[in-house]
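Inspection log for the structure reproduced underneath, given as structure tokens.
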């Protein structure tokens, strides 16, 4: 197509709610056609995620198995050694990932760990993969150091709407999250930020969450949309599963609001059929996580993902070197 839809940072809530209330077929057709204006047809970005520090997090996020506030079956582990991380990076590349993400169950980045983090970034770049870190809140000075080390992306999800947020987490504020996102942006690192569906939020909360992301100074380049995986021992262990159609519609609305962003099917794919995942990809999702585990929750098998992408005639994206 020769006519491109301009990106916007001035969305209004009533506009987004109107999209959510659009007939399903009309909505996903609109999002699909818009997706084709900005991305190669049938191309899917592949990320791999490794937990470098498991459990013992001081935050009280009610969905999380790694929170020290809840009694789950998770065993607390110390920082992974560099050699184990190197092997994980090489395995991810072998499996076809173009981005390697690493996460730690921390409230915030600690200055004493920056050298270790920068060593991980070096390992990722040495394998010609994009790098992404998810390490909690981050100051501007820390973000600048990570940028100088070659970090491509920093993940910091907002989880839900500002209104619903106190029902999810009380140990850090919504503004804390937005401050970190601003620090990441000011440091020149690409933002990865999204949310979780199935926390008990309303459609309006989903609209407000996407409104916050779409009206940032710059749209997040990656927007992970997670489906809650209920964890035994957490306050949300008995939450009802979000309706499949509602999930797909959220993907479609995210695509329309942020047409140049990679919309990622993140946690919860194990509960999705191939047909549902195919509809999500049609509606505008164009990124997935490869690997048997996402932090502490099971993920789709790599072979199953390859088979699905093959059935759909999809191809994987080549890495982009933002800090080469």
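Placement of Cβ uses the backbone N, Cα and C atoms for every residue, glycine included.
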Candidate from 118, 132, 280 that Swiss-Prot assigns to the same [2Fe-2S] cluster site as 101, 192, 264: 132
Integer average pLDDT (0 to 100) for the domain 'Radical SAM core' (42-269): 92
C-alpha spacing of residue 264 ([2Fe-2S] cluster binding site) relative to residue 57 ([4Fe-4S] cluster binding site), in angstrom: 25
Residue pair residue 101 ([2Fe-2S] cluster binding site), residue 64 ([4Fe-4S] cluster binding site) - Cα distance, angstrom, rounded: 18
Candidate with sparsest Cβ neighbourhood (10 Å radius) among 61, 64, the listed binding-site residues: 61
Env. residues of [2Fe-2S] cluster site, Cβ within 8 Å of mean position of 101, 132, 192, 264 Cβ: 47, 49, 99, 134, 153, 155, 222, 224
